[in-house]
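Participant: What follows is a single structure, and I will ask about it in a moment.
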Amino acid sequence: MLALVWIAGPLTGVLVQPYIGIKSDRCQIKWGRRRPFILGGALGTIVAIMILAWTREIVSGFLSIFGVDPQSRGVAITIMLFAVLFIYVLDIAINVLQAAIRAFIVDCAPTHQQESANAWVSRISGFGNIIGMFCGGLNLPALFPFFGHTQFKVLCAIAAISMFITAGVSSASIAERDPTLYGKPAVKTGGVFELFRDLWQSVRRLPPQISKICQVQFFAWMGWFPFLFYTTTFIGEIYVDPILAANPNMTADEIDKIWEKGTRLGTTALLVFAITTFLSSVFLPFIIPPTYKPPSPSSASTPGFPLTPTGSTSSLPLRNQPSLLQRTQTFAFFLLSKLQIRTLTLRRAWFLAHIVFAITMFLTFFVHSVTLATILVGFVGVPWSLTQWAPFALMAAEISKRDAIRRGLLKAPPTSEANLLVSGEDDAADQAGVVLGIHNVAVSAPQVVATLVSSLIFKLLARPRGVPGDNSVAWCLRFGGVCMLVAAWLTVKVGEDGGWMGKERAANGTNGRFRDEDL
């Protein structure tokens, strides 16, 4: 039963997001390609969360109608099966929501704002993680008794309310382009199997830059999976091991108690990790210069995008004298630009994040105290914040740029690939939905592989419960470090901007960064 729960996330990630990506790319509803899936995914998530919170009461109440004893073993098994079913429903709904939201960002932000938009996603996600962990440490039933009498029920209610508000605000406040402007998609028959055949064809036709990013992500997530799933156990083992060595004849109850303390220490380390991730996501975008500069005021504006704080123009007439707010914004951006490390790019920062993660995993050879382990786990928040930002920003900018060139909103560089885009003769699979779906396969599939490898490591190295000297989890983390070195090597092959304009920019001395109109 536990194995079914563990595999739910990677399995639904591999199957659901690509399917939803293709369906949303072909959606022709006038109020948007992505919003129907955002609202549907949010509604499914809310319903699944609340049913999971009240599973025992729902199942027991229903079976009691037929005179079944609520305390019987049959009811307990039914409750477990019902909960597993809705864990899958929850994972499916979350994947629908995630696929639509990421594509929503790509569709609605211009190329030069993709890095900034995805940085904000990372920041808000990090803040949400901290709030969630903080709420988990409170006595929520005492504070919100009307939401339920258990911690889990109140947490689910808070999550459902937050989901309702955020999904509703996002959908109501941001307008999508009319999907009919993209042209009518080709008529496809054959249902689900036809869609997955199209997915396989799309994998083979991915643009080179996006294909390289997916290759990096495959090995990177083989490294991240052991850390994200086994950190609490790693901290617990470090705490428990010397106690077991000093007290070899402990009872089962005593072993359970020290493991409870070790688990709480592991949870504290994860809180430190979440705080470090959030702080990194706030400050790192200020020191990494953007790859794409906004259009200059003298250039043609990018149609379809409103005035933004990052400098894009609109169709409104410019004032002769900037307002106080505009002058303040300009001065603030000037100060922030002084923090930037000019030689650091997002791709280089992502490469360094992989190296830092690998080093921290290898440092587990020398970590034998809970304090050092907590510091190590907290430090990993820095590369994790870049993992939550860099690949999405690089892919989103590439998709947005190709779409803008295809629609004639950006001038194409003098390359054969760009000429095919302009003429409409390219056959690359670069629509946001399908690309992000394929990317999620590259993230989810290695988690299954990492699970199998970790299971093998546990089988070979794990010791019976209560026996000191078990360092099997540490070896899983070190395996992740090796995988991350492969990811770092593949990151070197990723272009700074998709490889479109390298020679031209080098000749012009633009240091790898250019404005939208320079394309």
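Cβ coordinates come from backbone N, Cα and C, glycine included.
Straight from TrEMBL, here's the annotation block:
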- 36-55: transmembrane segment (TRANSMEM)
- 75-105: transmembrane segment (TRANSMEM)
- 126-146: transmembrane segment (TRANSMEM)
- 152-175: transmembrane segment (TRANSMEM)
- 218-240: transmembrane segment (TRANSMEM)
- 269-288: transmembrane segment (TRANSMEM)
- 349-367: transmembrane segment (TRANSMEM)
- 373-397: transmembrane segment (TRANSMEM)
Participant: Given the transmembrane segment (269-288), which of the listed stretches 36-55, 75-105, 349-367, 373-397 has the most Cβ pairs that are under 8 Å apart from it?
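Facilitator: If we count Cβ pairs closer than 8 Å to the transmembrane segment (269-288), 373-397 scores highest.
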Participant: Apart from its near flanks, which chain residues at least 6 from the ends of the transmembrane segment (126-146) lie with a Cβ under 8 angstroms of it?
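Facilitator: For the transmembrane segment (126-146), the far contacts come to 153-155, 157-159, 162, 267, 270-271, 274-275, 277-278, 281, 385, 388.
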Participant: Near the transmembrane segment (218-240), which residues from the same chain, at least 6 beyond its ends, have a CB less than 8 A from one of its CBs?
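Facilitator: Residues 255, 258-259, 261-263, 265-267, 269-270, 273, 354, 357-358, 361, 364, 367-370, 373-374, 377, 380, 384, 387, 442-447, 449-451, 453-454, 470-471, 473-474, 476-477, 479-484, 486-487, 490 contact the transmembrane segment (218-240) from elsewhere in the chain.
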Participant: So, do the transmembrane segment (36-55) and the transmembrane segment (373-397) meet, by the test of 3 or more Cβ pairs under 8 Å (sequence gap 6 or more)?
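Facilitator: In this chain the transmembrane segment (36-55) does not contact the transmembrane segment (373-397) - fewer than 3 Cβ pairs sit under 8 Å.
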Participant: At least three Cβ pairs under 8 Å linking the transmembrane segment (349-367) and the transmembrane segment (373-397), pairs spaced 6 or more in sequence?
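Facilitator: Yes, the transmembrane segment (349-367) contacts the transmembrane segment (373-397).
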Participant: Give the nonlocal contacts of the transmembrane segment (75-105) in its own chain as ranges (CB under 8 Å, at least six residues past its ends).
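Facilitator: Same-chain contacts beyond the ends: 1, 4-5, 8-9, 11-13, 16-17, 20-21, 24-25, 33-35, 37-38, 40-45, 47-49, 51-52, 55-56, 58-60, 63, 68-69, 114, 117-118, 121, 167, 170, 174, 176, 392, 396, 432-433, 436-437, 440.
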